[in-house]
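Undergrad: Okay, here's the structure, questions in a sec.
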Amino acid sequence: MAIERTFSIIKPNAVAKNVIGNIFARFETAGLKIVATKMVHLSSEQAQGFYAEHAGKPFFDGLVAFMTSGPIVVSALEGEDAVRRHREILGATNPANALAGTLRADYADSLTENGTHGSDSVESAAREIAYFFAEGEVCPRTR
Ligand code: IDP
């Protein structure tokens, strides 16, 4: 299985619940390694740019308002099959469909305020990591 990188966001509602360490523990328990991380408070422009693929959709303005409502934690994770396994830990986008034991089952408040983000492909991950981190800020941990 290939070593991949993926990109994670702990969204404002999950940061507000004070569960950053708990979420990191779930990633680490699953064998995913944090290779970059920081807390940021997005501007509207940054949030619009990150979610550009959703521009024009009915939920876009609400999503941008939510994502700028408080600080978030952005991270790059590394591990075998990281993209798929990370999304498995997050659970379904809509918390109503998230399996018990997933982060969204535990920490989502609504479809928009669903607690966490995870890249949906290796290509998206590379783009999303580069959106927040310079190359030298990502520290490889698997050889
Ligand atoms: P993902 O985060 O699971 O990859 P996307 O479809 O890329 O899901 O949507 C990005 C984010 O936009 C979701 O995590 C959620 O916060 C929000 N979102 C997606 N679809 C809806 C919707 O139909 N209503 C409200 N918010 C939505």
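Each residue, glycine too, has its Cβ placed from N, Cα and C.
If you look up TrEMBL, you'll see 3-140 marked as domain 'Nucleoside diphosphate kinase-like'. The ATP binding site annotation in TrEMBL covers Lys11, Phe59, Arg87, Thr93, Arg104, Asn114. The active site, pros-phosphohistidine intermediate annotation in TrEMBL covers His117.
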Undergrad: Within 10 Å of each Cβ, count the other Cβ atoms, then let me know which of the recorded positions Lys11, Arg87, Arg104, His117 comes out lowest.
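TA: Comparing Cβ neighbours within 10 Å for the recorded positions Lys11, Arg87, Arg104, His117, Arg87 has the fewest.
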Undergrad: Under 6 Å from ligand 1 by C-beta, which of these binding-site residues make it: Thr93, Arg104, Asn114? Sequence order, please.
TA: Thr93, Asn114
Undergrad: Name the residue among the binding-site residues Thr93, Asn114 whose Cβ has the smallest number of other Cβ atoms within 10 Å.
TA: Thr93
Undergrad: So if I measure Cβ to Cβ from Phe59 (ATP binding site) and keep only same-chain residues at least 6 apart in sequence, which ones fall under 8 Å?
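TA: Non-local contacts for Phe59 (ATP binding site): Leu111, Thr112.
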Undergrad: Which of the three DSSP-derived classes (helix, strand, coil) applies to Phe59 (ATP binding site)?
TA: coil
Undergrad: In three-state terms from DSSP, label Lys11 (ATP binding site) for me.
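TA: In three-state terms, Lys11 (ATP binding site) counts as coil.
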Undergrad: Quick one: DSSP breakdown of the domain 'Nucleoside diphosphate kinase-like' (3-140) into helix, strand and coil?
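TA: Per DSSP, the residues of the domain 'Nucleoside diphosphate kinase-like' (3-140) fall into 64 helix, 28 strand, 46 coil.
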